[in-house]
Amino acid sequence: MTLLAPNLSALVGTRVATKLIGVTGGLSSFSKIPSCNIHLLGASKTGTSGLSSIHGGSTRFSGYLAQCSLVAQTPEEYRMQALRMVSAKASLAARMDLNSSSAHTATGQYGASLSEEISRKIEKLMEPPPAKLIKALPVPSEGGRKQRRGGRRARKFREMHGLTEMRKMQNRVEFGKEEEEAGAFDETMGLGMIHTKASGKVRATMANASSKARMSKANKERLATLNRPTLSLQNSAPSLSSTSGTASSLSFTPVQGIELVDPSRQKKAEEANSKWFREGQFSLLPDAGKSTTTTTIPQKRGASGMPPPPPPPGRPSRA
């Protein structure tokens, strides 16, 4: 086998090289097989009975190439990577043996160099990872704190959330005098120099309007929408109108004491009477809306002074 395929024999050994060439039908047929299929030559689809496949005890799906020394001596976690590297180099070695025309390829030195290269790569794979270096913190710059973002929005934000003059005066304490305190709900807070006259300023300290809590435009519109009743609610439920929450439906009378009053009931009665049962509705003339006084149509009366009876239903009345 060293005369037929010296480079392949130097890479995987004469025993494995004989099995590979024999199962493919010759060196020419073996050189035409892609490297990704070489490690499957001679593989068994069934595992060995009685051996576990967890730690490589089973030879299932492992071909003749897994029997070479480079793959067999490799730890289990790196064995598949070593098998792929040997498979790729075995394809190159077989093609070099098929077209050997120099003494360098005929003696098997090329296959030996490939074996050494694979050994170095496997050793590199098995090296432990480098230790994690503990990096020291960088030296702080002497320029002070970093430059903050400027602009109109940043300036307004600093004005709104910055330290106001009232807060600055509260943080100061006058020497030799007792500080005024304000307490509520079991909490006490010092007022500092807010109400003192020794602040050094002519005018009294006033609260800044820009630091007060504001409501955005979107929140104002949302609040107005919630407070405004819809048309359907106004028609269906008059009690949901925007009235004051302090209004009461109880009235004190001298006769009965406390009387329960429904304001909406009186309003409903007025609305019903103003449409059909309004005073003088049936006696208004066509031009009565233009005048300020109401004119009634005179009716004929009999000898007794009583008006005629109404006509029966279904018959027109006679004038």
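A Cβ is built for glycine as well, from the same backbone N, Cα and C atoms used for every other residue.
Curation does not apply to TrEMBL; its annotations are automatic.
TrEMBL annotations:
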- 4-127: domain 'Nop' (DOMAIN)
- 135-154: region 'Disordered' (REGION)
- 227-319: region 'Disordered' (REGION)
- 236-251: compositional bias 'Low complexity' (COMPBIAS)
- 262-278: compositional bias 'Basic and acidic residues' (COMPBIAS)
- 306-319: compositional bias 'Pro residues' (COMPBIAS)
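Taken residue by residue, the domain 'Nop' (4-127) breaks down under DSSP into 80 helix, 2 strand, 42 coil. According to DSSP, the region 'Disordered' (135-154) comprises 3 helix, 0 strand, 17 coil. Summarising model confidence by region, the domain 'Nop' (4-127) averages a pLDDT of 84.
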